[in-house]
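**Student:** For 369, the entry in TrEMBL reads active site, proton acceptor. Residues annotated as FAD binding site in TrEMBL: 83, 122. According to TrEMBL, the feature domain 'Acyl-coenzyme A oxidase N-terminal' maps to 1-77. Per TrEMBL, the feature domain 'Acyl-CoA oxidase C-alpha1' maps to 223-384. The domain 'Acyl-CoA oxidase C-terminal' annotation in TrEMBL covers 424-601.
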Ligand SMILES: CCCCCCCCC/C=C/C(=O)SCCNC(=O)CCNC(=O)[C@H](O)C(C)(C)COP(=O)(O)OP(=O)(O)OC[C@H]1O[C@@H](n2cnc3c(N)ncnc32)[C@H](O)[C@@H]1OP(=O)(O)O
Ligand SMILES: Cc1cc2nc3c(=O)[nH]c(=O)nc-3n(C[C@H](O)[C@H](O)[C@H](O)COP(=O)(O)OP(=O)(O)OC[C@H]3O[C@@H](n4cnc5c(N)ncnc54)[C@H](O)[C@@H]3O)c2cc1C
């Protein structure tokens, strides 16, 4: 399809999904799940996932009563317009202004520079009638920083942009179908006025006289929508990883290459240890991210309830966990989808394998809702603050509780003596705790050598990111172990999940062996025992690998992959797909007479001469 056809088709599908959501007796989770299983990103996603939550989180009661009924019935369609051409990561650097005019009791929205143009918001370019706009609030000549505003963008009768608004789509993005079904847009204001009551005033407000009343709660609650989406992105990483792994595992069981004894059947590529070494950690990651995503959803729900009671105690932890786990799981999943493409050899590069499209749609997850490095730096900041308080007697809690055992963890030596010890949850957990703590303390010690903390932080950015990743990996391993100790039905299932849990943990030790050795968390002998155990775990998982991806229960339609078909009938279906290609409509291609024939004829002519 052309981009316009693709876009219009996505509108059709989004409206159809909305109709279904309305007609079917669905729970909120089910209707969200329905949107999850839409093939391509569309405006529906951001209306529900960002525009509505922003109003819920930052609007006053009366503002919610005014706007949510319209949004819930989709009588207005909204987007989340924060990022600008010049600023995305640095929210406090946004340039769009909202200047209060006491004469008219209005805010004047303006894009003072080209870099202040809103740029990227999904649904902004062509669909949304409204937006939550983030702009610098200026009143009485004072800049009070970035705040949220509800702004109508288009005429509700003919969808034309309102006067003072220039709006459009930012153009084609990475990949063929992929995110091009979404109208990520640009928007400039030219002294565009909105009523004062369209400033989202739950956190802070401006009085009729133009007086700014600051928030009596942490200003970062304004970032609440991003935190909520980051939390969902972790579970979504599991779904995307599971899709890719399902395709690659099923195809690896179908594909045979080399290894035939005297003309016999060739070897299934899933039996090669290299294939297992690349594939099974990804299979384990799909399960690991699902379980940590379940836990993160609990954490986010808990912090949301606490915030309602003005209890901000776990807000820093929630921010660090959503930021760090979003960053870690999306990076691993993007790399994992690409690895699954390579695991399928040449056929993985075909569009009909489903992997190129999955990769193209998925990879922006490393950037949207926060660049992954920028988010890990937030985790690093949280860890440095926690380490600095270790001596204060304030026991760290939650995911940093292990830091409370710093004395032991800084000097303990791993008691791993044989390969089987790597199946001991306490020993595995302590290994990850020691590595994470020692990396964080090492960063803190190095920071303390700098006169100026800011300068030290900027000098040590790369080390700090690695310490943050170590902390996040510990969280994922620990939540997998907790899940195993929990209520898993069925002994057989539990055994298989145990294998995957330790494949996940031990593959990380192998992948980040430098950290574990340089922090003396393990010895090279213990590392060798871990590798030995890993190989044994691959052998145990191999007979159940296909069952473990069948367990994701994805339909062939949803997988969209000839290689990942449930029936494994790959080769005939590859031909079927190939013959559907328009290039095969004729046996002699367009262009033969203009280009190929004259070329050959010319050769024939010169050959005759
Ligand atoms: C389902 C799948 C399909 C999902 C489908 C999704 C579709 C894609 C849609 C995409 C949408 C978008 O991309 S929307 C736009 C997303 N944009 C972003 O994510 C921008 C990323 N940048 C930021 O979030 C911010 O700029 C950040 C990096 C945190 C820096 O913010 P500030 O400068 O205001 O704050 P700092 O000075 O760094 O920190 C000050 C203190 O505030 C704390 N703090 C910072 N952020 C906080 C937060 N969110 N919550 C609590 N506390 C926070 C810090 O820990 C510090 O605490 P102390 O240390 O105690 O002082
Ligand atoms: C598909 C897609 C959909 C999007 N949808 C929306 C939307 O609906 N609404 C919306 O508001 N936005 C949206 N965005 C924008 C997105 O949120 C931003 O692109 C994202 O936050 C990254 O910010 P940036 O582009 O400024 O990256 P930059 O911060 O410019 O990143 C560039 C590089 O600089 C590095 N960097 C930046 N700051 C630091 C630092 N302090 N220390 C070390 N390194 C640093 C980064 O790690 C990165 O390598 C979308 C983006 C994409 C790709």
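For all residues, glycine too, the Cβ spot is worked out from N, Cα and C.
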**Student:** Counting only residues 6+ away in sequence within the same chain, which have a CB under 8 Å from the CB of residue 83 (FAD binding site)?
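**Tutor:** Non-local contacts for residue 83 (FAD binding site): 118, 119, 120, 121.
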**Student:** What's the CA to CA span in angstrom from residue 369 (active site, proton acceptor) over to residue 122 (FAD binding site)?
**Tutor:** 12
**Student:** Express the predicted model's confidence over the domain 'Acyl-CoA oxidase C-alpha1' (223-384) as a mean pLDDT, rounded to an integer.
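**Tutor:** Mean model confidence (pLDDT) across the domain 'Acyl-CoA oxidase C-alpha1' (223-384) is 96.
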